[in-house]
4 protein chains.
Amino acid sequence: MSGSTFGELFRITNFGESHGPAIGCVIDGCPPGMPLSEADIQPDLDRRRPGTSRHVTQRNEPDAVEILSGVYEGHTTGTPICLVIRNTDQRSKDYGNILDTFRPGHADYTYWRKYGLRDPRGGGRSSARLTAPMVAAGAVAKKWLHAQHGTRFIAWMSQLGEINIPFEDESQIPLNPFFAPNAAVIPALEEHMDALRKAGDSCGARIEVRARGVPVGLGEPLFDKLDAEIAYAMMGINAVKGVEIGAGFGAVSQRGSEHGDELTPAGFRGNNSGGVLGGISTGQDLVVSIAIKPTSSIRLPRASIDRAGQPTVVETFGRHDPCVGIRAAPIAEAMLALVLMDHALRHRAQCGDVSLPLPPIAASAS
Amino acid sequence: MSGSTFGELFRITNFGESHGPAIGCVIDGCPPGMPLSEADIQPDLDRRRPGTSRHVTQRNEPDAVEILSGVYEGHTTGTPICLVIRNTDQRSKDYGNILDTFRPGHADYTYWRKYGLRDPRGGGRSSARLTAPMVAAGAVAKKWLHAQHGTRFIAWMSQLGEINIPFEDESQIPLNPFFAPNAAVIPALEEHMDALRKAGDSCGARIEVRARGVPVGLGEPLFDKLDAEIAYAMMGINAVKGVEIGAGFGAVSQRGSEHGDELTPAGFRGNNSGGVLGGISTGQDLVVSIAIKPTSSIRLPRASIDRAGQPTVVETFGRHDPCVGIRAAPIAEAMLALVLMDHALRHRAQCGDVSLPLPPIAASAS
Amino acid sequence: MSGSTFGELFRITNFGESHGPAIGCVIDGCPPGMPLSEADIQPDLDRRRPGTSRHVTQRNEPDAVEILSGVYEGHTTGTPICLVIRNTDQRSKDYGNILDTFRPGHADYTYWRKYGLRDPRGGGRSSARLTAPMVAAGAVAKKWLHAQHGTRFIAWMSQLGEINIPFEDESQIPLNPFFAPNAAVIPALEEHMDALRKAGDSCGARIEVRARGVPVGLGEPLFDKLDAEIAYAMMGINAVKGVEIGAGFGAVSQRGSEHGDELTPAGFRGNNSGGVLGGISTGQDLVVSIAIKPTSSIRLPRASIDRAGQPTVVETFGRHDPCVGIRAAPIAEAMLALVLMDHALRHRAQCGDVSLPLPPIAASAS
Amino acid sequence: MSGSTFGELFRITNFGESHGPAIGCVIDGCPPGMPLSEADIQPDLDRRRPGTSRHVTQRNEPDAVEILSGVYEGHTTGTPICLVIRNTDQRSKDYGNILDTFRPGHADYTYWRKYGLRDPRGGGRSSARLTAPMVAAGAVAKKWLHAQHGTRFIAWMSQLGEINIPFEDESQIPLNPFFAPNAAVIPALEEHMDALRKAGDSCGARIEVRARGVPVGLGEPLFDKLDAEIAYAMMGINAVKGVEIGAGFGAVSQRGSEHGDELTPAGFRGNNSGGVLGGISTGQDLVVSIAIKPTSSIRLPRASIDRAGQPTVVETFGRHDPCVGIRAAPIAEAMLALVLMDHALRHRAQCGDVSLPLPPIAASAS
């Protein structure tokens with residue numbers, strides 16, 4: 001109830017702080033009998049981990065995951081899977097100078113007001129480091145969804161600060177540190193980031209996330225609509241300020257005759273819905289876009305107050321991502337996978353196997 | 001678990017269908033001892049109800065609410081409050097012609113695939129009519145939040161189709177059927193809607209929602225972040241395709257030195273955060289913006305398939321809102337109030353009264 | 001969260017008070033496509049309803065159930081089923097004399113301390129009348145379980161006050177007002193009750209509940225053990241003070257070599273487990289026994305205090321069951337059915353169809 | 001949802017298996033600012049841990065707890081507290097001989113049927129070893145409840161097999177390995193256990209649990225009644241087959257004029273209610289009694305089947321408690337503390353500070 005558990009039937013309970021001994025999660029509700037080992041999880045953690053390019057935080061964390069429970073002889077047992085990631089490169093001293101002040105745009109101030117406490121060690125619980133266990137849990141969900149339904153997840157950066165990144169080639173995404181689907185734009189991105197670092201400033205990003213091979217019929221009709229759950233999951237990622245499904249804000253200026261995707265025996269014409277109608281998946285690709293704000297820990301001096309309410313100036317040193325969006329792609333994939341996994345189990349519970357005279361229509365028609 | 005319950009400590013269980021005998025909800029967790037009667041609830045229902053102008057559906061529903069339980073001698077008892085709204089103007093025959101086909105952009109198709117059933121009576125459970133009980137429950141939350149914390153809610157339309165509606169004057173909002181904060185733009189909106197109706201088409205809208213007088217410290221740090229819960233609540237409203245908090249998608253192209261709202265002894269400078277940092281309320285206004293897609297039930301013919309998978313054409317008659325966004329303002333207010341109410345109780349549970357050497361800083365500084 | 005919702009996947013939200021306009025519940029999570037009408041529900045309500053013999057309260061309530069939602073053309077739709085039972089024979093004046101005092105053994109005192117309020121109308125929310133919606137919801141669960149798994153439920157009285165009721169003949173249960181499986185003991189029971197009424201006193205009872213045709217594998221391993229959930233459900237029935245599964249308190253003086261039910265290819269030898277091992281159903285009959293305390297509203301004068309804390313004497317008139325256990329059999333059946341239903345859906349979600357080289361062994365072996 | 005999380009506002013998520021690398025739990029919802037270290041938790045773990053007398057399993061586990069998160073500078077932060085206990089003395093080979101058979105009275109069979117898997121390592125998830133994290137979490141709850149409300153917990157053995165243990169002297173409880181409140185009976189208990197061990201058999205026990213200094217008003221009116229939650233918590237402890245509150249099964253043969261505890265300005269006369277009326281605490285001592293069945297892992301040969309369904313004989317060697325009830329007292333205390341803690345927070349959420357003209361009456365009157 002304090003917001004450390006995600007999901008209803010595939011439940012992830014997350015624990016830890018950025019600079020404590022360890023972070024991790026407990027997955028409760030994973031179906032039994034699925035082959036699982038650390039090797040299924042580590043690759044996604046490696047995609048998210050810090051220190052892999054000069055454009056992200058230089059904190060050096062291997063983010064090696066250990067399975068503490070729930071797996072026996074290489075298979076899930078149906079009981080809770082505890083995943084632990086030890087923190088190895090905490091340097092709390094980096095944060096000593098911000099102990100008594102509040103970084104503009106950061107959770108420092110609100111945590112203090114809520115709990116009456118400061119945990120200045122790397123942002124404590126509010127650190128984006130806490131997304132690592134979600135990436136790990138997401139890898140488990142991805143494996144099950146792929147095995148059962150052939151579902152696949154992909155995410156990429158479509159905008160970095162003011163630079164638009166046209167989608168060119170999916171195969172480029174893993175080949176550059178920006179998760180950019182476009183080789184030509186990389187030099188501009190690098191130049192942009194180098195300038196930002198020099199200036200001691202930060203910038204935002206826009207990330208696209210897709211799921212392909214989505215079963216039709218997932219999501220609940222009223223409150224736990226699939227798109228509502230996706231919005232919740234995405235807005236819960238650190239620094240996210242906006243979420244769109246399908247046509248998103250563009251739908252405001254569309255006509256109904258343009259927005260509603262026509263149906264044909266060969267599939268839908270278009271995907272303005274983003275794969276969700278009435279809160280329930282259509283079987284088309286899930287199409288999600290999120291806005292990530294600029295990192296709030298920057299070197300440039302900012303006005304603030306201290307804990308006594310007196311005016312002061314904050315300059316944040318330490319090791320921070322100048323654009324937290326750069327590592328957000330695997331996080332967004334994981335959160336989408338966790339939502340789908342939960343709803344796949346929920347659907348199985350309530351509806352079992354609904355048989356209809358017609359197979360789901362194809363995802364899209366030309 | 002089937003998505004008919006909203007909230008954790010202030011729980012709303014919603015029931016009913018558009019064309020069944022009644023719709024309603026059960027509110028569980030309302031604090032005892034609060035004065036409450038139907039008269040506290042009806043005004044918000046009246047703001048949402050159909051048939052009040054030529055620009056909305058002509059279905060004639062008084063939407064009169066009856067309190068069936070949980071109130072004794074004019075005060076809440078702490079036990080569940082059941083609110084019932086009888087449906088009085090169902091005309092199922094209006095829907096007869098769509099029984100075997102699927103409206104593009106509508107939940108028809110996904111409901112059928114999920115449940116193996118069609119309830120063609122006005123969209124059954126997927127009808128926007130199911131927001132009425134949420135508006136009723138929201139009125140209860142608003143009353144408590146106002147009494148305890150002085151919180152107030154307001155929502156308005158900022159865009160209709162392609163027409164931008166500049167914010168001019170809050171007092172105009174209740175004076176026109178569009179919830180527009182701007183008298184000058186009304187003729188253009190009316191003309192737009194009249195043309196749409198004539199064309200048998202529909203359009204989208206953008207709605208702004210605000211809460212003022214928000215207690216500091218509401219929201220959970222990791223998953224049930226206040227902004228994540230708001231995104232969930234808003235994306236759960238029928239036809240919503242996008243949600244922004246504060247700077248929203250605009251944050252992507254901001255620098256950190258611009259986005260992070262500086263703190264001064266007199267308050268924050270700016271509100272790019274939209275009143276939420278690290279998932280927890282800052283005490284500033286909550287600033288939310290949502291995108292509403294065009295209504296999918298339109299008169300213009302659209303390609304579709306029937307239940308046997310054969311191609312067909314759908315034209316939807318019956319009484320539909322040509323812009324479902326027109327009545328969305330009170331719904332968005334209610335959903336925001338329900339989120340805040342839940343978190344006010346959650347905060348009380350976990351943190352009780354946190355005492356700090358400093359009162360919350362003012363919501364904003366010049 | 002205020003305790004008006006029961007179950008996780010088959011969720012019952014209960015509302016109403018004894019002397020308000022209506023009581024009822026919302027069932028969320030019922031699988032779609034099941035034939036359902038009021039006629040499936042009314043018989044169990046009739047078994048529970050008051051006024052059917054001189055040994056129970058003379059309040060005259062038809063307890064006629066109305067389905068407000070969730071059923072279309074005679075089948076469940078998968079959306080919430082709202083059931084309403086109007087109260088017709090409230091006589092609040094009967095309770096006027098207890099408004100300022102507290103009945104010993106009654107919830108009067110604790111409700112007042114919790115909520116700061118008194119709802120003297122027939123005990124308000126603490127009335128056993130609130131079990132009627134559970135009996136109605138239980139009938140829905142029974143129907144599904146019987147159709148899917150052949151499960152059947154039965155309950156009977158095995159002790160009334162100090163009178164033991166040996167199990168003789170199941171077919172007698174519906175033939176007498178005591179739910180006694182034994183015709184010979186009826187005269188003694190009637191005499192006992194007549195004497196109690198004359199004396200203005202009340203007595204307790206013991207009820208046995210069984211489920212037959214239980215699927216193997218229901219229940220969770222650690223916390224939501226099937227027996228733990230049954231204990232929760234049973235202890236939640238008004239006036240219950242004890243719950244046993246299988247051998248119950250008798251297990252304390254058994255040896256392991258006596259208690260553990262041996263397995264044979266033909267089935268288990270014995271059922272000391274009561275059909276649950278390690279929190280999971282064995283496929284044998286579920287065997288549950290509950291203790292019901294004597295009604296606290298009695299005519300005999302008792303010492304108490306008033307709301308100012310001054311000593312006083314309470315004598316309770318009005319229409320009360322002299323043994324609330326007499327009508328408890330259908331309630332206990334319903335609660336057991338609701339627990340099983342929830343776990344049948346939970347099992348389907350997590351484990352789907354587990355295939356093993358061996359069918360479940362028979363429920364019992366000679 | 002798979003039953004590894006306990007509580008709503010003070011939530012314990014338990015993970016691990018008897019013979020895996022570690023067991024533990026995550027506590028979510030602990031109020032911030034409470035002093036906490038391993039030293040607050042270890043003493044209760046030491047009371048429960050194995051190997052401390054010849055009458056319990058000789059498995060040698062230090063059960064040393066490590067706090068992985070949620071505590072900073074010696075105080076809780078309000079974020080999740082992860083507690084880990086490493087397993088150090090797993091000897092899986094002890095269990096090799098039972099891999100293909102099912103112990104009568106044990107969860108072997110039902111786990112296999114549910115999950116399609118066997119984890120023969122010490123019972124895997126069904127081991128009573130999983131109560132250790134609950135004892136650890138209970139110690140945190142106890143500390144908070146004592147600091148806030150002066151609540152204290154105590155449990156003792158009142159029956160071992162057929163030997164009744166009269167309550168004589170509370171101070172004796174920690175002085176003997178049986179948690180017996182009576183020095184004179186110890187020789188008989190030791191002799192009984194020695195004989196059982198020699199015979200290769202096991203026996204049951206009865207445990208009494210009390211909470212003193214309970215706030216009035218805890219518990220929900222309908223489903224999450226305090227006594228229902230206690231029944232759920234107690235029946236969820238391994239091997240428990242029965243639960244009584246207050247007069248328990250004795251209430252069946254009481255009259256209402258005897259059972260209902262009279263109220264006086266000086267307090268209640270008697271405590272047949274066990275401290276709960278209408279599901280809500282009265283402020284008196286909570287009085288709970290539980291029945292624990294004999295251990296199912298015994299050396300004596302028993303009839304069983306193997307995984308192919310063929311008849312076989314099982315003899316269980318390895319290190320088992322001949323009476324699992326001997327170490328149950330601290331477990332029962334912990335579970336009671338966890339229930340109260342959860343409801344203390346729930347009460348604070350919904351009812352805040354209810355003010356009444358009268359303080360709670362004293363817990364008992366002479």
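Including glycine, each Cβ sits where the backbone N, Cα and C put it.
TrEMBL: automatically predicted annotations, no manual curation.
The shown structure was predicted, so the numbers you read here are calculated from the model rather than taken from an experiment.
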Cross-ref TrEMBL: FMN site B:Arg125, B:Ser126, B:Ser127, B:Asn238, B:Ala239, B:Gly278, B:Lys293, B:Pro294, B:Thr295, B:Ser296, B:Ser297; candidate in list B:Arg113, B:Arg255, B:Arg319 matching that site is B:Arg319
Its Cβ having more other Cβ atoms within 10 Å than any other among the binding-site residues B:Ala239, B:Lys293, B:Ser297, the winner is B:Lys293
Rounding to whole Å, the Cα atoms of B:Lys293 (FMN binding site) and B:Arg48 (NADP(+) binding site) are apart by 18
The number of other Cβ atoms within 10 Å of the Cβ of B:Thr295 (FMN binding site), counted over all protein chains shown, is 28
Those binding-site residues in B:Arg48, B:Arg125, B:Ser127, B:Thr295, B:Ser297 passing the chain C Cβ proximity test, under 8 Å, are B:Arg125
Should one count Cβ atoms within 10 Å of each candidate's Cβ, the binding-site residues B:Arg48, B:Arg54, B:Arg125 would be headed by B:Arg125
Sequence-ordered list of residues in the chain of B:Ser127 (FMN binding site) that lie 6 or more positions away and have a Cβ within less than 8 Å of its Cβ, or none, is B:Glu17, B:Ser18, B:Asn238
The rounded CA-CA distance in Å from B:Ser297 (FMN binding site) to B:Arg54 (NADP(+) binding site) is 17
Checked against DSSP, the composition of the region 'Disordered' (B:39-60) is 10 helix, 0 strand, 12 coil
Greatest Cα separation in angstrom, residues B:Arg125, B:Ser126, B:Ser127, B:Asn238, B:Ala239, B:Gly278, B:Lys293, B:Pro294, B:Thr295, B:Ser296, B:Ser297, B:Arg319 binding FMN per the record, works out to 44
Cβ under 8 Å from chain A, restricted to the binding-site residues B:Arg54, B:Arg125, B:Ser127, B:Lys293, B:Thr295, picks out B:Arg125, B:Lys293, B:Thr295
Comparing the Cα of B:Arg54 (NADP(+) binding site) with the Cα atoms of the binding-site residues B:Arg125, B:Ala239, B:Thr295, the shortest distance belongs to B:Thr295
Mapped onto three states, the DSSP assignment of B:Arg125 (FMN binding site) reads helix
Rounding to whole Å, the Cα atoms of B:Arg125 (FMN binding site) and B:Arg48 (NADP(+) binding site) are apart by 18
